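Per Swiss-Prot, NADP(+) binding site is recorded for Cys55, Asp56, Trp57, Lys58, Ser182, Pro183, Lys184, Asn185, Tyr200, Leu247, Glu248, Val336, Ser337. What Swiss-Prot lists as substrate binding site is Thr143, Gly144, Ile145, Gly146, Thr147, Met148, Gly149, Leu150, Gly267, Met268, Ala269, Ile270, Leu271.
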Amino acid sequence: MSRVRYNNSVALPATQTVIKQNEDGLLTIQKDFPLPEIRSDRLLVRVEYVAINPCDWKMSERFPAPGAVDGCDFAGTVVALGSDVSKTGRFQVGEKVCGGVHGSNPIDPTTGSFAEYLSADAEFTFKVPGYMGLKEAAAVGGTGIGTMGLALSKSLGLPGSPTRPVGETDSKYVLVPIAVCSPKNYDLVKSYGAVKAFDYHSPTCAQDIRAYTKNRLAHIIDPIVEAKTMQLCYAAMGRAGGKYCALEAYADELCTRKVVKPELVMGMAILGRKVALNHGYGSEADAGKRAFGIEWYREMQDLLDAGRLMTHPVRVVPGRFDGIMKGLQMLKTKQVSGEKLIVQLGSNN
């Protein structure tokens, strides 16, 4: 195989293996795909591990983008620096990093994590701390972190910040996190900080939540956004209403209470770049969101360095690219609960 060399880089292959959308929008493995371009504000990363998210199978089905590489969350090794990144001295070739990219992107089709090499925005890439392995770093990723940044701070408008939570900055606010999940995951969500968990299978789940919150629940994030989850969320919201943050597009006819204000959040908008998706998911470039996102990621880096950013329990799926295809099907058919699927692509631990 021929090899090429970028500025500030090690010797690299001319082509790589990726999972991309074919001409019909279906995900397929291609073994002779070119390496992505190294833009001035980017890092070229050799991917060692990837995490699989529900959006990874949904993107190709809902937003066909023939030729686009799929996948978002990754961990790996820096092998080349963009010219602007090189000047800052913030990253070095050989460093271990993790983050999230916009996979299946019709505007930037080579930027997806299901690849041996990817191009990552340096401002939205974490340095992996010494105590953490790359397998766990892939579970940190960046997709969920970016989504929660927009959901908590922008959509719900919660006070405080990740490193200065409410209570430390303003005694007027008391935020009590609760969760809705399967009973088998009660201990897991409580270990992450939920003070109370409720069984979504229970026919009295909404009433139980209203009783526990004294009918004052005012902020809800719904990551599933199906008819039954929206009905539960709207029924559980307190008498005075509040903000409902949907991580999927919602049906207007299910917005049954005027005092509840719904909003759709698309996590990749935090990059500040145009999101060229339809069905309500798209957005124009937004410098304000990018500035917020950069600050949010810097705070997350501080939490990561301090060991205060927890990941889901990891479940490794073997088989490299075949393993990714298997993992996507596992998520699509709802075979995964309370775990993050991870696939090893490289040789590092």
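Cβ from N, Cα, C; glycine included.
Known features from Swiss-Prot, placed on the structure.
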residue	record	Cβ neighbours (10 Å)
Trp57	NADP(+) binding site	20
Thr143	substrate binding site	24
Ile145	substrate binding site	24
Thr147	substrate binding site	24
Gly149	substrate binding site	23
Lys184	NADP(+) binding site	10
Glu248	NADP(+) binding site	21
Gly267	substrate binding site	24
Ala269	substrate binding site	24
Leu271	substrate binding site	22
* Where does Glu248 (NADP(+) binding site) sit in DSSP terms: helix, strand, or coil? -> coil
* Structure fact -> Closest by Cα to Gly267 (substrate binding site), out of the binding-site residues Cys55, Ser182, Tyr200, Ser337, is Cys55
* Sorry to bug you, but what's the C-alpha spacing from Ser337 (NADP(+) binding site) to Ile145 (substrate binding site), rounded to the closest Å? => 19
* Asked: How many other Cβ atoms are found within 10 Å of the Cβ atom of Ser337 (NADP(+) binding site), counting all protein chains shown?
  -> 10
* For Tyr200 (NADP(+) binding site), what is the secondary structure state per DSSP, taken as helix, strand or coil? -> coil
* Asked: How many Å lie between the Cα of Cys55 (NADP(+) binding site) and the Cα of Gly149 (substrate binding site)?
  -> 17
* To do: Take the C-alpha atoms of Leu271 (substrate binding site) and Glu248 (NADP(+) binding site) and report the distance between them in angstrom, rounded.
  => 18
* Distance in Å spanning the most remote Cα pair of Thr143, Gly144, Ile145, Gly146, Thr147, Met148, Gly149, Leu150, Gly267, Met268, Ala269, Ile270, Leu271, given for substrate -> 13
* Structure fact -> Same-chain residues at least 6 apart in sequence with Cβ under 8 Å of the Cβ of Ser182 (NADP(+) binding site), in sequence order, are Asp199, Tyr200, His201, Ser337, Gly338
* Distance in Å spanning the most remote Cα pair of Cys55, Asp56, Trp57, Lys58, Ser182, Pro183, Lys184, Asn185, Tyr200, Leu247, Glu248, Val336, Ser337, given for NADP(+) -> 27
* Mapped DSSP class for Ser182 (NADP(+) binding site), helix or strand or coil -> coil
* Spatial separation of Glu248 (NADP(+) binding site) from Gly149 (substrate binding site) - C-alpha basis, Å -> 16
* Cα distance, Thr147 (substrate binding site) to Glu248 (NADP(+) binding site), nearest Å? -> 11
